[in-house]
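Record features (Swiss-Prot):
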- 10-29: transmembrane segment (TRANSMEM)
- 75-93: transmembrane segment (TRANSMEM)
- 98-117: transmembrane segment (TRANSMEM)
- 130-147: transmembrane segment (TRANSMEM)
- 157-179: transmembrane segment (TRANSMEM)
- 199-221: transmembrane segment (TRANSMEM)
- 236-255: transmembrane segment (TRANSMEM)
- 262-284: transmembrane segment (TRANSMEM)
- 289-311: transmembrane segment (TRANSMEM)
- 323-340: transmembrane segment (TRANSMEM)
- 355-374: transmembrane segment (TRANSMEM)
């Protein structure tokens, strides 16, 4: 495939990521209100919000079997078709159980689409991988910021649901405007156990990053109220994070591509832990509160990208696709673990317990990461 076709494919792939980000942001801001209109109770909505992440885990295990048998394009088209059907179902369905199953299927489609789209971009971008990985995060943040600006004009009605379905249709149309060249040469001599051993640290990192992200989304407001922090509103916090990501993510990814990624990974995790330690101490100061939130958001994004770059350096073709999918699957398990932890209502009763959860996960991981770094002499890479 020519360089011109490569960039054409990447352009449409990134455009698809942007549209997809907008749709997910619309759902994020309006999902609860829309379900309340359907006369669902608060407990039912919370249960849907938790169990929907099962779809990502199911998708992860399913794609491990299919990712090297189906092209990225075919998986993307199947995912988008499923998302269109499930989105329209939101208008039709009124039964609580069916709505819950529908949201599980939506998350199945979201995970499958995002994973396949990211693999598509990685396989095409060659030596520019760090740049286009940064663009994925940049456009995801940009889509969220755009919807945040337009949110006063977006109402949780059936018309909004139809618009989301039409945006998915636009994504499908863009798939027919470029060529997909996914390779499917299976290396039957490859030992999966050896592959897993080589990505052990990346899998654990994926779990930690996604678990912490979910904890912030779920518990930060209650924690901030308890500690009387300067910033309490989650939407405002996300706006600060997305704005800084838009400006910082490309330079961050460029730096990561040039330095020892294992050392960068360890350093970012240590910075993350320090920010969580200092947040309750200095968080009553608005400027410091904003600084720590920005650092936490950018650290999580940089760690996510750093581990993808590590996997790209380690593997090729079949092994790379399997390793990346395993990484994304572990991220989905981390998200679900974070959602399950909300069964214990420490987010609303004892906000300080939010920190205990974070310290337990990040602190133990940083300790293990440091041992792993020294044990396997990763500082030499």
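From the backbone N, Cα and C atoms, a Cβ is placed for every residue, glycine too.
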In contact by Cβ distance (the transmembrane segment (199-221), the transmembrane segment (289-311); 3 or more pairs under 8 Å): yes
For the transmembrane segment (199-221), distant same-chain residues with Cβ under 8 A (at least six beyond the ends): 232-234, 237, 265, 269, 272, 296, 300, 303-304, 307, 310-311, 314, 323, 326-328, 330-335, 337-339, 341-342, 346-347, 351, 354, 357-358, 361-362, 365, 368-369, 372
Cβ-Cβ under 8 Å with the transmembrane segment (355-374): same-chain residues at least 6 beyond its ends: 201, 204-205, 208, 211-212, 215, 219, 223, 262-263, 265-266, 269-270, 272-273, 276-277, 280, 341, 346
Leading contact stretch, 10-29, 98-117, 130-147, 323-340 vs the transmembrane segment (236-255) - CB distance under 8 Å: 130-147
Distal contacts, the transmembrane segment (98-117) - CB-CB under 8 A, six or more residues away: 13, 16-17, 20, 24, 35, 38, 40, 47-48, 51-56, 58-60, 62-63, 67, 72, 75-76, 78-80, 82-83, 86-87, 89-90, 324-325, 328, 332
Most Cβ pairs under 8 Å with the transmembrane segment (10-29), selected from 75-93, 130-147, 323-340: 130-147
Cβ contacts under 8 Å made by the transmembrane segment (75-93) with residues that lie 6+ beyond its boundaries: 16, 34, 63, 66-67, 99, 102-103, 105-106, 108-110, 112-113, 116-117, 120, 158, 161-162, 164-165, 168-169, 171-172, 175
Positions on the same chain near the transmembrane segment (323-340), where near means CB under 8 A and six or more residues out: 49-50, 53-54, 56-57, 59-61, 63-64, 67, 111, 114-115, 118-119, 122, 195-196, 198-199, 202-204, 206-215, 218, 304, 307-308, 311, 314-315
